[in-house]
Every structure is written in C-alpha cells, then in structure tokens.
Amino acid sequence: MTTANEVLKQIKENDVKFVDLRFTDPKGKLQHVTMDVVCVDEDMFADGVMFDGSSIGGWKAINESDMVLMPDPETAHMDPFFAQSTMVIFCDILDPVSGEAYNRDPRGTAKKAEAYLKASGIGDTVFVGPEAEFFVFDDVKYKADPYNTGFKLDSSELPSNDDTDYETGNLGHRPRVKGGYFPVPPVDSSQDMRSEMLTVLSEMGVTVEKHHHEVAAAQHELGVKFDALVRNADKMQIYKYVVHQVANAYGKTATFMPKPIFGDNGSGMHVHLSIWKDGKPTFAGDEYAGLSESCLYFIGGIIKHAKALNAFTNPSTNSYKRLVPGYEAPVLLAYSARNRSASCRIPFGTNPKAKRVEVRFPDPTANPYLAFAAMLMAGLDGIKNKLHPGKAMDKDLYDLPPKELKKIPTVCGSLREALESLDKDRKFLTAGGVFDDDQIDSFIELKMQEVMRFEMTPHPVEFDMYYSV
C-alpha cells in the first residue's frame, strides 16, 4: 500500500511542480483542482483540502457547500499531458463537520460496496473488466438553441466522404456501414492514435492488453486488464481522460456517447464481473457452462434488477437509442454461454479462474463507480435470495419468432423508465448502507432534469416528419 510519505518522496524525485486533485461527480465527469507543490505536505494528506461543492450538480446547496477532498495516496500517478511536471491524485469526498465519507460521493459508494461484499462472507474481492467503446471524429458541430438545433459530424472514415474532395486527393479505403471490425490499415486509419492511447495509459499505471477498430466507422476500443472494483473504476476515469486528450493532440475529438450516428453500431461498455474468496474464484462449478450455483444466482440478481440498474449503467437519454434490436444491442434479459445476443453472457474459458459474467447492456456514459457498485449489489442480492435466472437461452435471440420473443423481459426503453424503475426498486442498493435514499433521490432528480430537457425540445427529425403536414 502506497503511503503519503512515499508519494511525497516521489514528488521530490520527479521534481513535481503541481499536484492535481481529481474527483468524480454524480454524472461521472472527472473534476479537478490543481495545488502548487509548496502546499502539498503530510498535513494535506491527513486533513484534506477544503472546496466549494455547491457548483457540483447533485451535491450540496450553497448554504452548506463546504466539502473536503481527501487524497488517496494509492492513486498517485504522473500526467504526461501538461507542460509543467504534474502528479495526479484521486480523492474521496468527506463531510467537513462529521469527517465521514460524503454519502453522495460516487467513489465512496464504490468503496462501501467492496466492504459490503467482504462483510457478506460471499467473497472478499470482486474483479471488474469494462470494455468501453468510443468514436473519434475530425470535426463536430452542434447547436441546441431554440431557433437553431442540430449537429454535424465528420470523419475521413465515414462512408459519406466517399466522394469528398481533399487537398491531397481522396484515397478511398474507408470502412462500410457496420464494416469496421476489423480490417488492417489503410481502411483502419487510426492505428497510430490508438497505439498512442495504449502507451499513455500504460505510463499512467493502467495495465493494458490490446486495441482495435470497432464495427462502426470512426469507432474504437482499447482493452485494459480486469482489476478490483474501485481500482478499475479509477482506471476507467483515466481511460476516458486519455482517449479525450490523445484524440485532441491528434487534432481530433473523441466521444463516449452511446449512439452519435443513426444506422450504425453504438458504443457499449460491456462489464465482466467475478467474485473471489481467499484467492479462489467462486463463479466456477458444475452447473451450466461450468458455473457455480452462486454465479447463476448472481446472474439472477442482475436480470431481476436490470431495469433499476439501467439508471446507473445507461444514464443518458442517448443510451436508449443504442438499446434497440438489430445493432448488436443486448436488450433481452436472458443469459447464455458465448451468445452475444443475450444481455448476460458467459465468455468461453476452460480455466476456473476465467469464469465470469459479462453484462452487456451498460454503456460508457455510466459513472463507473456507481454502475459497478450497483451491479455488484444486484448480483449479491441474487446470491443472498437464491434468485435463479431460469434456463439459459443458447439460440440467437434476435431471430426468435415474435410469440417467443414476447416472453423474454427487456431492458428499459428510455431514461425516464429507468429512473422510475430505480425509484421503485432500490432496496437491494441500500442494503448495508452502500447507497442511501438521499443519494438515490438526488440522482433521480439530477437525471430527470436531463429527461425533461430532452422531452421538451423539438427535434430536427420532427421537422422532417411533420413540418409540412
């Protein structure tokens, strides 16, 4: 375990000029305040740094705005993007009066979920492996004014540029719709950029594995190694930061929106989960696909609470433009070995250590701390209450006849439905005080503001369909 003194030693050895204290707001956005190194000492690590939390959506009101950033020495790493030597440290949020963890701090919630797992006796570690996809565009323009609403995206990879005149000529070699998975360059035009992203991630302490082009034009994925829940939530925040920064350095712009382009695949964030105890995997056994009974119950919990989970795993109105049949979107609440059309998949693996559940409906707009914690709580509720998921569905669920299809439950169809589902189904989250009602209520209120704005704003497609009626 890295101590404050060890971090202070690293600061001297690396001639660090600034320390960037970072934390995550309820929406999942990384925030920061930069400290001059002269202010960084043992007292800062012991007492934390006061800041005004009233400007953070979903947090305290202006009359009780003081909060404490408490640096976590374990998370210290160098930021290669700044001109001045800068160390980054992730922080927890504390209440200055009680000194306790602030109940609406997402990272604090994730820590409580890990502690709840240990206290349950079911396991001592949950490993999480997220697979976040993203788009990179050459140019993006959007406007959401009352009299000017719309957007325009551009990338040299888009099929719409087949006949575009470029100064150096149009060289062709671009992926077709749903054809980006995964030809070599020059069809894949972003090999070097993704390699740079992976290199920087490794330099910042993230264990990397691979990268590749994704199904849609201008869509990509980086592969990082699984880790414990809080650590990999931290790493997912680093992942998104690096993707944005490297794309920017290449003169491009990256987005984790699930569905920026109609008619092509959207970006998901499949999440692999496995529980271990005393250094041994608990999900391996003699049941279906080599799973243990507790793993099946875990899946049962995910399926039972999926609609409530959607509020955290798919927390944007745009999320539900991805969660529609026909675009490899896992909308059907079923489980299967290897079958990618099911929302819960059991990846193939003969080694007991490889036994895990892949939850396929999350997307990268999720706050990783809240989403990972919520999925763990749903799975633990399944184990505690022995919620068997029923028979596995090994056929292609997309090709089922309508009569059979109607029998399979689905994920939510909108953010409004997800928030309403969370409001009704929350007891599994508040078990052990991991989440609490105040936190859930404030999250619903925060996200319902987005729903209302989206539902009340006229859409360009409506003009296309109705203007001349």
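Placement of Cβ uses the backbone N, Cα and C atoms for every residue, glycine included.
E131 (Mg(2+) 1 binding site) falls within a strand when secondary structure is assigned with DSSP. Counting only residues at least six positions away in the same chain, the Cβ atoms of E221, G223, G268, M269, H270, V271, H272 sit under 8 Å from the Cβ of E131 (Mg(2+) 1 binding site). What Swiss-Prot lists as Mg(2+) 1 binding site is E131, H270, E358.
Note on E133 (Mg(2+) 2 binding site): other Cβ atoms within 10 Å of its Cβ, all shown chains, come to 21. Taken from Swiss-Prot, the feature Mg(2+) 2 binding site covers E133, E214, E221.
The ATP binding site annotation in Swiss-Prot covers E209, H272, L273, S274, R340, R345, K353, and the record cites similarity to another entry as its basis. The DSSP secondary structure for H272 (ATP binding site) is strand.
In the three-state DSSP classification, R340 (ATP binding site) falls within coil. Positions annotated as L-glutamate binding site by Swiss-Prot, on the basis of similarity to another entry: N265, G266, R322, E328, R340, R360.
Taken from Swiss-Prot, the feature domain 'GS beta-grasp' covers 14-99.
Per Swiss-Prot, domain 'GS catalytic' is recorded for 106-469, and the stated evidence type is sequence analysis.
Swiss-Prot lists Y398 with the feature O-AMP-tyrosine, giving similarity to another entry as the kind of evidence. Under DSSP, Y398 (O-AMP-tyrosine) is assigned to a helix (H, G or I) in the three-state scheme.
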Binding-site residues near L273 (ATP binding site) (Cα-Cα within 10 Å), from E133, G266, R322, E358, R360: E358
Of R340, R345, K353, Y398, i.e. the recorded positions, those within 10 Å of N265 (L-glutamate binding site) when Cα atoms are compared: none
Cα-Cα distance, maximum over E209, H272, L273, S274, R340, R345, K353, record's ATP binders, Å: 21
Alpha-carbon distance [E133 (Mg(2+) 2 binding site); S274 (ATP binding site)] in Å: 21
Cβ atoms near H270 (Mg(2+) 1 binding site) (within 10 Å, other residues, all chains): 20
Per-residue pLDDT averaged over the domain 'GS beta-grasp' (14-99), given as an integer: 94
Packing count at H272 (ATP binding site) (other Cβ atoms within 10 Å of its Cβ): 18
